[in-house]
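S.K.: Sharing a structure, written as structure tokens. Questions coming.
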Amino acid sequence: MIIIKNGYVIDPLTKREGKFDILIDGENVVRISQDIGIDDDIEVIDAEDCIVSPGFIDIHSHFRDPGFTEKEDIITGARAAARGGYTTVICMANTNPVVDNVETLRYIVDKAKTAKIEVLQVGTITKGMQGVELVDMEALKEAGAVGFSDDGKPIMDSRLVLEAMQKARELDVPLSFHEEDPKLVYESGINGGKVAEKLNMMGALEEAETVLTARDAALAVSSGAKTNIQHISSKISLGIIKLAKEMGANIIAEATPQHFSITEEEILNCGTNAKVNPPLRREDDRKAIVAALKDDTIQVIATDHAPHTKDEKAREFKEAPSGMIGLETALSLAVTNLVKTGDLTYRDMISKLTINPARFYNLDRGYIKEGHRADIVIFDPDEKYTVKEEEFQSKASNSPFIGKELFGKVKTTIYNGKIVYEDK
């Protein structure tokens with residue numbers, strides 16, 4: 001048995017907030033009360049000065065397994081997630097082979113059983129991620145796919161997107177879309193703006209995101225499908241999402257910590273480690289993302305954890321792959337750049353990391369209740385620390401936040417009643 005003592009519990013679903021002790025027996029929380037007695041055989045976790053939250057849920061990660069395990073694999077990705085306070089992670093399908101078939105999905109599902117946390121998987125929307133023919137969504141759902149996404153590539157065929165949405169609504173599964181029209185991306189990973197001009201590039205225009213966001217928002221309105229616009233980066237895209245919500249669309253937008261924390265200027269400091277798709281944009285876009293998190297236009301914080309090797313990121317900017325790791329810094333960036341700034345409360349932040357992503361993916365997770373699974377993170381919101389490359393649990397270290405001082409440190413992560421990470 002484990003008892004968490006003296007912590008400040010915040011659970012957005014039950015609206016419990018205050019000092020409570022939590023008793024865990026086996027896989028489940030068995031008691032939540034003020035001042036539970038301690039027996040000799042109970043392991044005690046002292047959570048003084050810490051917030052006790054439901055374990056975080058990431059709906060957008062890349063564990064690169066199968067096919068690219070020199071970058072990351074399911075085991076190391078799960079280890080990184082546990083260090084970041086995540087107890088459930090949903091992985092994207094752009095592996096090798098892509099997850100458009102039951103055989104590849106079963107490999108991932110079986111390997112995930114040995115991971116430190118819960119690792120779930122989406123299937124692709126189209127076969128081979130080619131944007132031409134839909135996968136057998138029903139068969140993939142039956143085999144364990146929790147949703148569908150061609151993340152990493154846009155789907156340019158509007159009729160195919162509508163058919164996918166209609167099928168997804170029938171099956172009650174969510175779809176997630178990467179919105180970048182390649183005709184408006186001259187060089188990927190850098191905003192079409194002043195920084196690109198300094199580097200003699202044209203970059204990825206904001207319109208690359210907004211035109212596809214507008215199309216898919218309109219299709220979400222007409223189809224009723226559960227739709228996620230991934231890693232939103234543009235102020236204009238946010239206005240489109242807001243309008244679609246007002247028109248009754250079952251649509252959400254996710255924001256990544258990088259898009260609400262830094263701007264295109266970071267490329268001048270960090271080079272390829274700040275290269276992401278869609279790119280970091282202007283300060284007014286960053287502020288708009290923060291405002292949208294505040295007014296709930298954006299309901300989910302997702303990491304888009306995208307590990308790459310040092311050799312890959314050492315290439316010239318145009319040749320280097322896009323993406324940065326994010327699971328181990330997401331909480332700290334949210335605390336530092338959303339809560340400490342006064343834009344979000346801790347409850348608001350935790351909602352976007354727990355119950356909101358759980359609801360979107362139809363998961364019975366994201367809360368702390370007696371008689372239910374003990375997925376819990378304990379973090380010190382006021383502990384300040386420096387991000388160090390050598391402390392990453394991921395195989396990769398492609399992060400622009402190395403060397404930055406951040407608030408909010410995970411102290412303990414508990415998954416399924418077991419301690420899977422402790423800050424030593």
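Backbone N, Cα and C atoms are what each Cβ position is placed from, and that goes for glycine too.
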S.K.: Which single residue out of His231, His259 does Swiss-Prot record at the Zn(2+) 2 site shared with Asp151, His178?
M.R.: His231
S.K.: Among Asp296, Asp304, Asp311, Asp343, indicate the single residue that Swiss-Prot lists for the Zn(2+) 1 site containing His60, His62, Asp151.
M.R.: Asp304
S.K.: Using the alpha carbons only, what distance in Å do you get between Arg64 (substrate binding site) and His231 (Zn(2+) 2 binding site) once rounded?
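M.R.: The Cα atom of Arg64 (substrate binding site) is 18 Å away from the Cα atom of His231 (Zn(2+) 2 binding site).
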S.K.: Do me a favour and check the Cα-Cα span between His178 (Zn(2+) 2 binding site) and His308 (substrate binding site); whole Å is fine.
M.R.: 19
S.K.: An 8 Å radius from the center of the His60, His62, Asp151, Asp304 Cβ atoms defines the neighbourhood of the Zn(2+) 1 site; name the other residues of that chain inside it, in order.
M.R.: Ser61, Met92, Gly152, Gln230, His231, Ala302, Thr303, His305, Ala306
